[in-house]
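Accompanying notes for the structure given below.
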Amino acid sequence: MFLAKSIVCLALLAVANAQFDTNYASGRSGMVHLFEWKWDDIAAECENFLGPNGYAGVQVSPVNENAVKDSRPWWERYQPISYKLETRSGNEEQFASMVKRCNAVGVRTYVDVVFNHMAADGGTYGTGGSTASPSSKSYPGVPYSSLDFNPTCAISNYNDANEVRNCELVGLRDLNQGNSYVQDKVVEFLDHLIDLGVAGFRVDAAKHMWPADLAVIYGRLKNLNTDHGFASGSKAYIVQEVIDMGGEAISKSEYTGLGAITEFRHSDSIGKVFRGKDQLQYLTNWGTAWGFAASDRSLVFVDNHDNQRGHGAGGADVLTYKVPKQYKMASAFMLAHPFGTPRVMSSFSFTDTDQGPPTTDGHNIASPIFNSDNSCSGGWVCEHRWRQIYNMVAFRNTVGSDEIQNWWDNGSNQISFSRGSRGFVAFNNDNYDLNSSLQTGLPAGTYCDVISGSKSGSSCTGKTVTVGSDGRASIYIGSSEDDGVLAIHVNAKL
């Protein structure tokens with residue numbers, strides 16, 4: 001059976017190739033994961049912040065009905081009851097309005113979709129009013145019956161690919177994606193989201209599904225909806241959650257022919273570097289030399305909703321909002337470097353790793369509160385609103401596809417490079433000051449450092465950098481400064 005599935009996978013490869021295109025609007029790059037936000041709040045954020053600040057896309061939490069769990073943990077969203085679009089984030093009408101409003105301001109929507117499994121035992125009723133009996137594998141809201149699932153068995157050996165793909169992940173009832181009826185229901189669900197104007201999908205737990213089955217599902221999806229500004233013939237961008245740190249039976253290379261993958265090695269490696277376990281000088285060959293998938297197959301991130309809580313991969317090396325200086329440096333590097341498709345995390349604060357989003361009453365999600373400096377309160381972290389991050393999204397948009405040039409390092413933890421002649425960044429992760437004359441590659445003039453401040457008319461709210469006629473500038477980053485990074489670009493010239 002595995003050989004037959006492999007043949008099907010290869011046959012559909014040409015169809016899948018269209019799924020590497022992010023479908024971003026021209027001149028934009030980078031997406032943000034607004035984790036557990038409500039649809040109405042995301043729509044407003046697209047219009048008021050994401051669009052004006054150059055973000056290209058927003059990843060949203062699962063949109064379909066999920067099991068209601070005691071204490072309302074975040075992970076209940078990953079326990080489907082049906083494919084009805086009804087969650088704590090809102091209903092179908094609100095979701096459709098959000099997608100339309102975001103598309104109108106150039107921000108594409110990417111849905112976190114869960115179809116590896118259905119809810120585990122205890123998930124008997126859902127956010128949309130549906131009921132289920134997970135113990136008997138009955139989910140009338142779809143409907144699914146026991147005929148649509150793999151036999152009950154637990155995953156205990158990640159060196160056994162059959163077990164990983166055919167058994168149950170932490171008790172979640174494992175759907176059989178090789179079943180034609182299951183394929184029909186999944187395609188129907190995804191096509192409905194495409195009709196509503198989404199640009200792509202993050203496929204949860206892709207590692208736990210056979211690549212050949214995924215190839216069939218992806219190959220059957222309709223083209224994107226041209227009513228939402230997509231080019232005729234466009235296909236949904238597919239990014240698959242495949243945790244591959246090496247040493248297991250399943251490899252990300254089995255999935256990169258079908259779509260992009262979540263490159264967890266990027267998160268692990270960038271955390272080690274900016275935590276000081278590896279030196280910044282070694283970043284000179286950042287990319288596939290570090291064991292990453294190809295650039296157009298890699299969705300890259302500093303942290304995600306799983307590994308910031310110690311789940312997934314990376315462990316204690318993962319950087320989160322709780323170590324803000326290093327987190328901002330790592331995020332700035334990710335956005336300054338051309339490798340991969342970057343995704344910015346936008347979190348809610350937590351002390352308990354099961355803790356759900358802020359609520360008004362223990363159940364209904366609370367809206368973020370916005371402060372005058374663009375930051376959030378009310379339990380929301382909103383890293384995407386940190387100046388050091390959103391200004392680097394603008395940096396990335398400004399430099400476009402220009403190559404890395406003028407690399408410099410001090411043989412330790414101070415580095416700098418330009419992106420052609422359009423942007424320049426410098427980093428200091430040493431315990432002493434960076435104070436050097438460096439080649440920026442930029443035209444002569446005075447520039448606003450978009451890390452310490454922002455350009456405002458003809459002035460700068462932060463540090464300024466003067467570039468000489470030879471392209472060189474005196475760069476200073478004190479080891480005790482709040483930010484260990486400096487960035488200038490041609491659109492920040494004063």
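Cβ atoms here come from the backbone N, Cα and C positions, even for glycine.
Sequence annotations record features per position, and here Swiss-Prot assigns active site, proton donor to E241. Among the features that Swiss-Prot reports, Ca(2+) binding site is placed at N116, R165, D174, H208, with the record citing similarity to another entry. Among the features that Swiss-Prot reports, chloride binding site is placed at R202, N304, R343, with the record citing similarity to another entry. Annotation source Swiss-Prot lists disulfide bond at C46-C102, C153-C167, C376-C382, C448-C460. The pyrrolidone carboxylic acid annotation in Swiss-Prot covers Q19, and the record cites similarity to another entry as its basis. Taken from Swiss-Prot, the feature signal peptide applies to 1-18. Look at Swiss-Prot and you will find D306 tagged as site 'Transition state stabilizer'.
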*Name the one residue among N116, D174, H208, E241, R343 whose Cα is closest in three-dimensional space to that of D306 (site 'Transition state stabilizer'); these are the recorded positions.*
E241
*asked:* If I restrict to non-local contacts, at least six residues apart, and a C-beta distance under 8 angstroms, what lies near H208 (Ca(2+) binding site) in its own chain?
replied: N116, H117, I155, V164, R165, L169, D174
*Taking R202 (chloride binding site) as the reference, which of C46, C167, E241 (the recorded positions) have a CA within 10 A of its CA?*
E241
*Write out the long-range same-chain contacts of C382 (disulfide bond), meaning residues 6 or more apart in sequence whose Cβ is under 8 Å from its Cβ.*
S346, S347, P368, S375, C376
*C46 (disulfide bond) - helix vs strand vs coil (DSSP)*: helix
*By CA-CA distance, flag whichever of Q19, C46, C102 among the recorded positions is nearest to the residue listed as 'active site, proton donor'.*
Q19
*asked:* Can you check which residue among the disulfide-bonded residues C167, C376, C448, C460 has the largest number of Cβ atoms within 10 Å of its own?
replied: C448
*Compare the C-alpha of C167 (disulfide bond) with the C-alpha of each of the recorded positions Q19, C102, R343, C448, C460, and give the closest one.*
Q19
*N116, R165, D174, H208 excluded, remaining Cβ within 8 Å of their centroid (Ca(2+))*: H117, N150, V164, N166, C167, E168, L169, L175, Q177, A205, K207, M209
_Surrounding CB atoms that lie within 10 Å of the CB of R202 (chloride binding site), all protein chains_ = 26
_Cβ contacts of R343 (chloride binding site) (under 8 Å, same chain, 6 or more positions away)_ = G30, M31, V32, H33, Q59, L299, V300, F301, N304
*asked:* On a C-alpha basis, identify the one among Q19, C46, C102, C153 that is nearest to C448 (disulfide bond); the candidates are the recorded positions.
replied: C46
*Looking only at Cβ atoms, how many others are within 10 Å of the one on C153 (disulfide bond)?*
12
*Does C102 (disulfide bond) have same-chain partners at least 6 apart in sequence with Cβ under 8 Å from its own Cβ, and which are they?*
I42, A43, C46, E47, L50, G51, V58, R108, T109
*Between any two of R202, N304, R343, the residues recorded as binding chloride, what is the biggest Cα to Cα distance in Å?*
12
